[in-house]
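Below is one structure; the comments refer to it alone.
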Amino acid sequence: MERKPVSEIFCAVQGEGPYVGARQAFVRFVGCNLDCSYCDTPLDEPDHCLFEKVPGSGEFEKLSPLLCASDIEEKIRSFNDLHSVSLTGGEPLLHAEFIRELDLPAPVYLETNMTLPEKAKVVKDSVDYVAGDVKLPEEFEGSNFVEHIERTYQCFRTLRSNQHRDCFCKIVVTSSTKPADVMDVVAQISDYISCVVLQPVTQYTRATDIQTILSLQENLLEIKNTLIIPQTHKMWGCL
Ligand SMILES: C[S@@+](CC[C@H](N)C(=O)[O-])C[C@H]1O[C@@H](n2cnc3c(N)ncnc32)[C@H](O)[C@@H]1O
Ligand SMILES: Nc1nc2[nH]cc(C(=O)O)c2c(=O)[nH]1
Ligand code: SF4
Ligand SMILES: [Mg+2]
């Protein structure tokens with residue numbers, strides 16, 4: 001029976017993007033193929049998977065860090081009134097074949113860095129919401145940004161919004177963000193997404209310039225509905 005590395009299972013509310021406030025169960029897979037400068041999530045292999053049985057209790061059961069599908073399904077089924085189940089990480093698409101086989105009691109919300117196009121094809125009929133990140137040039141040394149962004153475009157084409165799936169793009173905006181880079185990428189994917197979310201980085205050392213992000217939103221609104229939404233869960237201490 002296949003087991004996958006999972007660091008957290010909990011029930012909270014979506015803190016980011018257009019579904020902010022929706023009651024979700026979260027499964028956090030371990031491991032990532034990128035190393036974003038602003039990443040707020042530990043990427044090392046944990047000793048346990050922390051399961052918060054009672055939402056918001058801050059009391060965690062220590063489970064094996066390697067879980068099979070039925071382990072995950074059983075924990076998720078212990079939560080009620082879910083809008084959806086957020087599969088996140090790390091990068092969940094590293095575990096695409098496993099994700100495809102999960103039998104979950106609510107729609108699937110995929111949180112992904114949109115850099116693994118072959119894996120995107122594996123899950124495309126198994127996900128209902130796609131929070132697709134766009135990682136910008138400042139995260140990539142040298143010219144490999146060109147190869148990276150082409151993979152991102154492929155992922156957005158594969159996971160595009162349709163009658164069964166809502167796909168939107170999320171862009172973390174920092175003081176290093178160049179508006180022209182954002183405009184260029186959004187112009188390429190605007191047909192595939194329902195909206196753009198500009199997410200100010202939650203690291204005040206690299207705080208976002210307010211005028212810059214408001215001006216960027218104004219320009220993006222010419223081509224796609226664009227929202228500015230910070231990580232709200234961190235404002236009130238929710239997981
Ligand atoms: C931890 S990532 C996991 C999913 C996937 N690897 C990705 O990057 O989209 C989940 C979300 O948190 C965002 N994020 C991570 N660190 C952040 C920070 N310091 N400030 C704002 N957003 C952050 C990511 O950009 C992504 O949208
Ligand atoms: N509440 C809450 N909302 C989230 N949205 C995206 C998250 C993530 O880490 O993938 C996240 C998270 O870690 N917690
Ligand atoms: S892709 Fe996501 S999980 Fe991976 S380093 Fe970047 S923000 Fe963190
Ligand atoms: Mg998070």
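Glycine is treated like the rest: Cβ placed from N, Cα and C.
According to TrEMBL, the features are:
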BINDING   V13, Q14, G15, R28, T88  substrate binding site
BINDING   C32, C36, C39  [4Fe-4S] cluster binding site
BINDING   Y38, C39, D40, G90  S-adenosyl-L-methionine binding site
BINDING   T41  Mg(2+) binding site
DOMAIN    19-239  domain 'Radical SAM core'
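Taking the C-alpha atom of C36 ([4Fe-4S] cluster binding site) as reference, the shortest distance to any of the binding-site residues Q14, G15, R28, T88, G90 belongs to G90. One way to see the shell of the [4Fe-4S] cluster site is to take the Cβ centroid of C32, C36, C39; the remaining same-chain residues with a Cβ within 8 Å of it are L34, D35, Y38, T41, L43, E91, N113. Ligand 2 lies under 6 Å from the Cβ of Q14, out of the binding-site residues Q14, C36, Y38. Spanning the residues Y38, C39, D40, G90 that the record associates with binding S-adenosyl-L-methionine, the maximal Cα-Cα distance equals 13 Å.
Taking the C-alpha positions, the distance from C32 ([4Fe-4S] cluster binding site) to G90 (S-adenosyl-L-methionine binding site) comes to 5 Å. Neighbour counts of Cβ atoms within 10 Å were compared for the binding-site residues Q14, T41, T88, and the top value is held by Q14.
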